[in-house]
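Noted in TrEMBL for the protein shown:
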type    : residues                                     : note
BINDING : 31, 32, 33, 34, 35, 36, 166, 209             : ATP binding site
BINDING : 57, 78, 79, 80, 105, 106, 107, 108, 170, 181 : ribonucleoside 5'-phosphate binding site
BINDING : 112                                          : CMP binding site
């Protein structure tokens, strides 16, 4: 995002350079395989993977007051306040130098979604790009909507088994907390998926299949249609 934001900021008094960042929200229950597939997407398609959960855990390890608050909420299976997660994501996006992002595990509820979609405009205001014309403001406000939402659909029984067997030493990887996280996902995150599905932006993946098969399905989503057409023409 840093690249796109800088381009608009530099040209605020002239024409707008519409280098639109590509943002893909990656959603799915805990243990659905989002992290594994995001790593594959990064390697094959050049995206920057930003895991909301990883950023929050890094903040916890920092020992900050903010980190302590995050730790307590995660223990209780609660969702961290939007502004906390968004601030961490925004910083990571600005420092990445890329303009293609996989936002993994966020937004987790409707509040997250609305807040995140507004974050780019707020950032531009913080850069004092405030005297721009109404057309530029409108452009900034609408460009943060995701390209699409990649939804990894997986049965709870399979996700629970995966989490309990991965043994990564995570404090929230116990049966009680896992089931709380499932409940939170169903109650809070599914409405977000339904919101984007109504806009035709959800790409649903059967995440219960083996990793290799799941990625084959993912590749068909990320491969540009032009390349697929050309490949077919070559075969013919």
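Using the three backbone atoms N, Cα and C, a Cβ is placed for every residue, glycine included.
TrEMBL does not curate its annotations; it predicts them automatically.
Overlay of TrEMBL feature records on the structure.
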residue : record                                   : contacts (Cβ under 8 Å, 6+ apart)
31      : ATP binding site                         : 154, 158, 159, 160, 161, 162, 163, 166, 178
33      : ATP binding site                         : 152, 154, 162, 207, 211, 214
34      : ATP binding site                         : 26, 27, 28, 104, 105, 152
35      : ATP binding site                         : 51, 104
79      : ribonucleoside 5'-phosphate binding site : 73, 108, 109, 112, 184, 188
209     : ATP binding site                         : 217
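Every protein chain shown contributes to the tally, and the Cβ of residue 105 (ribonucleoside 5'-phosphate binding site) ends up with 23 other Cβ atoms within 10 Å. In the structure shown, the C-beta of 112 has more C-beta neighbours within 10 angstroms than that of any other entry among the binding-site residues 36, 112. Take the binding-site residues 57, 166: by the count of other Cβ atoms within 10 Å of each Cβ, the lowest one is 166.
The distance from the Cα of residue 107 (ribonucleoside 5'-phosphate binding site) to the Cα of residue 32 (ATP binding site) comes to 16 Å. Taking Cβ-Cβ distances under 8 Å and a sequence separation of 6 or more, the neighbours of residue 32 (ATP binding site) in its chain are 152, 153, 154, 159, 207.
A straight line from the CA of residue 36 (ATP binding site) to the CA of residue 57 (ribonucleoside 5'-phosphate binding site) spans 18 Å.
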